[in-house]
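> Below, the features straight out of TrEMBL:
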TRANSMEM  21-45  transmembrane segment
TRANSMEM  65-83  transmembrane segment
TRANSMEM  95-117  transmembrane segment
TRANSMEM  123-146  transmembrane segment
TRANSMEM  158-176  transmembrane segment
TRANSMEM  182-200  transmembrane segment
REGION    253-275  region 'Disordered'
Amino acid sequence: MSSLSGGTGSLAGFTRLCKGMAVVLVGGHIVVQILPAAVNYLALIPARTIPFAWNLITAGYIEQTVYGVVISTIGLLFMGKILEPIWGAKEFVKFIFIVNILTSLCVFVTAIALYYIRMEENYLYMPLSGFYGVLSGFLVGIKQILPDHELPLVRIKAKWLPSIILLLSVIVSFFIPEPTAYLPMLIFGTYTSWIYLRFLQRRPETKFMGDPSDDFSFSSFFPELLRPIIDPFASIFARLCCGKRQTSSEAQDYELGDNPLLGSDPIEASRRRERGARALEERLAAERLAAAQTAQESGKDATESV
């Protein structure tokens with residue numbers, strides 16, 4: 001099966017929705033370059049979030065630097081090309097909206113807490129913005145759907161991408177002056193997206209929510225050696241998050257005897273990953289066929305012109 005990067009072979013494969021959102025990111029960057037004062041109203045500035053509460057939403061779509069808008073646009077196009085056809089446009093937009101606003105809320109609370117701990121006003125007035133939280137969430141989505149796909153050259157499985165990116169970001173944060181501008185967004189984007197996909201995402205094929213499989217547990221972000229230590233703490237959070245729903249599911253399974261409901265165990269999650277991998281492979285095959293047909297037509301046109 002083709003590697004994860006195989007889906008990046010053709011510009012025609014980018015979805016219309018992702019192209020539209022890429023225009024929003026580029027447009028937001030242009031606005032703050034032409035009108036620098038717009039940052040005060042569109043970026044997340046904790047001291048001004050009240051009454052400018054809309055910046056909890058707009059901050060995620062504002063890139064203040066050229067390299068930021070380039071990375072975010074490329075990440076959106078390529079990862080959206082994988083995720084949107086599998087999730088559907090509606091779920092894709094819903095995921096972006098939820099992860100973006102939850103990330104902004106967590107960053108806002110963290111900035112306020114850091115101010116009271118260190119009493120530095122920089123935490124209150126630094127304009128924070130960027131699509132990094134959603135991008136890290138996309139990596140978690142790819143980990144869920146296509147965990148065993150490998151990247152070329154480095155031969156790293158997709159399921160390790162969120163963990164590796166976070167680890168590298170933490171290491172880099174020790175060598176740059178303002179890690180607060182991006183690190184909290186990456187961390188909270190990863191965590192909130194996992195919470196949403198693990199416990200809250202509705203699956204149209206069943207009436208259950210989330211992904212209960214062991215392969216997508218919180219400890220799956222860590223090496224095997226650490227999982228026995230992490231699992232007990234993660235299970236406490238799981239009971240707090242969905243204890244009632246799990247109890248209800250167990251009761252229904254008990255009533256059905258040896259025939260548990262579809263989606264009440266990790267089998268359905270495995271099937272969903274298989275469907276995701278199959279959908280990706282079919283799309284890559286269609287793109288290769290379209291590219292071959294285009295090359296043949298170009299060859300015919302060249303021959304006729306000669």
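The backbone N, Cα and C atoms fix where each Cβ goes, and this holds for glycine too.
Any idea what these are sitting next to in the structure?
For the transmembrane segment (123-146), the residues of the chain that approach it from at least six positions outside its boundaries are 4, 25, 39-40, 42-47, 59-64, 68, 71-72, 75-76, 79-80, 82-83, 86-87, 95-96, 99-100, 103-104, 107, 111-112, 114-115, 158-162, 165-166, 178, 180-182, 184-186, 188-190, 192-194, 196-197, 211, 216, 272-273, 276-277, 280, judged by C-beta separation under 8 angstroms.
Beyond the transmembrane segment (158-176), the same-chain residues lying 6 or more positions past its ends with a Cβ under 8 Å from any Cβ of the stretch are 4, 136, 139-140, 142-143, 146-151, 182-183, 186-187, 190, 215, 220-222.
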> Under 8 Å between C-beta atoms and at least six residues away from its ends: which parts of the chain pack against the transmembrane segment (65-83)?
4, 7-8, 13-15, 17-19, 21-22, 25-26, 29, 92, 95, 130-132, 134-135, 138-139, 141-142, 145-146, 280
